[in-house]
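See structure below.
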Amino acid sequence: MREMMMNNMLNDVPTPWAMYFQDSATPNMEGMMELHNNVLFYLCVMLGFVTYMLYNVMTVYNKSAMAYKYMNHGQFMEMMWTTFPAMMLLMMAFPSFMLLYMCDEVMAPAMTIKAMGLQWYWKYEYSDFMVEKGETMEFESYMIPEDLLEDGQLRMLDVDASVVCPVDTHMRFMVTSADVIHDFCMPSLGIKIDAAPGRLNQTSALMQREGVYYGQCSELCGVMHSSMPIKIEAVPTVDFLAWIDEQ
């Protein structure tokens, strides 16, 4: 029982009636969650302040309609409702810009994975690894139909070939499309990047824990848009190299 309480229960998949983010697996996603919590706190403070002011105005005027008969202006209040929101916006803006530029930075990646969206599946290419034929390692990933799912597999999320990545390794994802606009979205990794035909977008990720992460195409791309799940497995480097040798 004590061991069960000591273990962390990680949420890396969408859950019914979920009200919060999936658990973070990268520094970028950790920063997004922290920024969200801070902004939500500021919004609650502002909501409480505005609610108090409205309540105060309604109760005072209800007691006496002549309460502010001789009040022409209030310099202190004018200064407060200008300075207070400005300071709050600055406290939200600075962390937001820092996180934005941090997420856009691609730091000397140890390996690159190219993801190409097609109607309606994903094609992946490991540009740093070669197969026996001398070509770069690549494979296609399709959603497993509901009637072929095995015990433990997730409906509309599991695929026949998942992406395997090593943990604690700087990864670069290069995303494009072969037909219409798609979107490569992995909530636990803090990744959401457009896959546009004729354009090669890039983003980075540093997975800090082992796990299986799920995502989906987040751009309406046709009748089978919901059939483009993404599955990434983060494994130790030794297991990753063994998986590469098997391909």
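Positions of Cβ are set from backbone N, Cα and C atoms, glycine also.
Keep in mind the model is a prediction, meaning the values are calculated, not measured.
According to Swiss-Prot:
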- 1-38: topological domain 'Mitochondrial intermembrane' (TOPO_DOM)
- 39-55: transmembrane segment (TRANSMEM)
- 56-86: topological domain 'Mitochondrial matrix' (TOPO_DOM)
- 87-103: transmembrane segment (TRANSMEM)
- 104-247: topological domain 'Mitochondrial intermembrane' (TOPO_DOM)
- His182, Cys217, Cys221, Met228: Cu cation A1 binding site (BINDING)
- Cys217, Glu219, Cys221, His225: Cu cation A2 binding site (BINDING)
- Glu219: Mg(2+) binding site (BINDING)
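Overlay of Swiss-Prot annotations on the structure.
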| residue | record | DSSP (3 states) |
| --- | --- | --- |
| His182 | Cu cation A1 binding site | strand |
| Cys217 | Cu cation A1 binding site | strand |
| His225 | Cu cation A2 binding site | helix |
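Helix, strand and coil content of the topological domain 'Mitochondrial intermembrane' (104-247), in residues and according to DSSP, is 20 helix, 69 strand, 55 coil. Around Cys221 (Cu cation A1 binding site), a 10 Å sphere centred on its CB holds 21 further CB atoms from the protein chains shown. Excluding the listed site residues Cys217, Glu219, Cys221, His225, the same chain places Gly117, Trp120, Val180, Ile181, His182, Asp183, Ser218, Leu220, Gly222, Met228 with Cβ atoms within 8 Å of the centre of the Cu cation A2 site Cβ atoms. Here the Cα atom of Glu219 (Cu cation A2 binding site) is found 5 Å from that of His182 (Cu cation A1 binding site). Cβ atoms under 8 Å from those of the transmembrane segment (87-103) belong to residues 27-28, 31-32, 34-35, 38-39, 42, 45-46, 190, 203 of the same chain, restricted to positions at least 6 beyond its ends. Counting every protein chain shown, the Cβ of Met228 (Cu cation A1 binding site) has 28 other Cβ atoms within 10 Å. Neighbours of the Cu cation A1 site: apart from His182, Cys217, Cys221, Met228, residues of the same chain with C-beta atoms within 8 angstroms of the site's C-beta centroid are Gly117, Gln119, Trp120, Asp183, Ala195, Gln216, Ser218, Glu219, Gly222, His225. Fewest other C-beta atoms within 10 Å: among the binding-site residues His182, His225, that description fits His225.
Rounded to the nearest whole angstrom, the C-alpha distance between His225 (Cu cation A2 binding site) and His182 (Cu cation A1 binding site) is 9. In the shown protein chains, 25 other C-beta atoms lie within 10 A of the C-beta of Cys217 (Cu cation A1 binding site).
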